[in-house]
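K.L.:
Sharing the feature lines straight out of TrEMBL:
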- 1-23: region 'Disordered' (REGION)
- D91: active site, nucleophile (ACT_SITE)
- Y146: substrate binding site (BINDING)
Amino acid sequence: EENGHPSKKLKSDADEEDAEDQNKKLPKRKIVLLMAYSGKGYHGMQRNVGSSQFKTIEDDLVCALVQSGCIPENHGEDMKKMSFQRCARTDKGVSAAGQIVSLKVRLIDDILEKINNHLPSHIRILGLKRVTGGFNSKNKCDARTYSYMLPTFAFAHKDHEVQEELYRLDRETLERVNQLLACYKGTHNFHNFTSQKGPRDPSAKRYIMEMYCGEPFVR
């Protein structure tokens, strides 16, 4: 440069630019990703563009997709551009063992490895599958499974003093709890738990296949 000659780019920089240019030429295809993550420290799954103080799982996912070259940077700001849809929304601090998202990406080489390399260790992409252009992970989902853990003293009688460390859930109480939970099985109308849905709206109905309390265990 001092002698009036233009500076030469390092080979690694040039290779990265070439790879990026190749990625831009790839057509976008609709896929589904199978995810697992720990929700600790996150404000849920769904991204809230413009609310950077409330970090979500999708913030890190979108960032990894951009950095790996799967999507253009502007798709991260407007997720509709990549037809992004999640199978379910998890709340603050909630983890997932099998979350599904559908979106359009460039099918780059070693795509799973490259996405995971840009994700924190507590978020992993477990699998990928091509789907048709009209596939929607939320609408095409035919079942969801939720697991909740709570201390057994939550089932103690309200009038009894409970030593948390000493209380144990007896067989009779467990059976009674499962009798009550079994009332939820089948099709029921949950319009009171929705917004802007009337009691006769078919979409307010849900079919619960199974609902039960498992055996207590010591952690």
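The backbone N, Cα and C atoms fix where each Cβ goes, glycine too.
All annotation found in TrEMBL is predicted automatically rather than curated by experts.
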K.L.:
Any idea what the Cα distance is from D91 (active site, nucleophile) over to the residue listed as 'substrate binding site', rounded to a whole Å?
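P.N.:
That comes out at 12 Å between the alpha carbons.
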K.L.:
Return the count of C-beta atoms lying within 10 angstroms of the C-beta of the residue listed as 'active site, nucleophile', excluding that atom itself.
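P.N.:
The residue listed as 'active site, nucleophile': 11 neighbouring Cβ atoms within 10 Å.
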K.L.:
If you draw a 10 Å sphere on the Cβ of the residue listed as 'substrate binding site', how many other Cβ atoms land inside?
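P.N.:
Result for the residue listed as 'substrate binding site': 9 other Cβ atoms within 10 Å.
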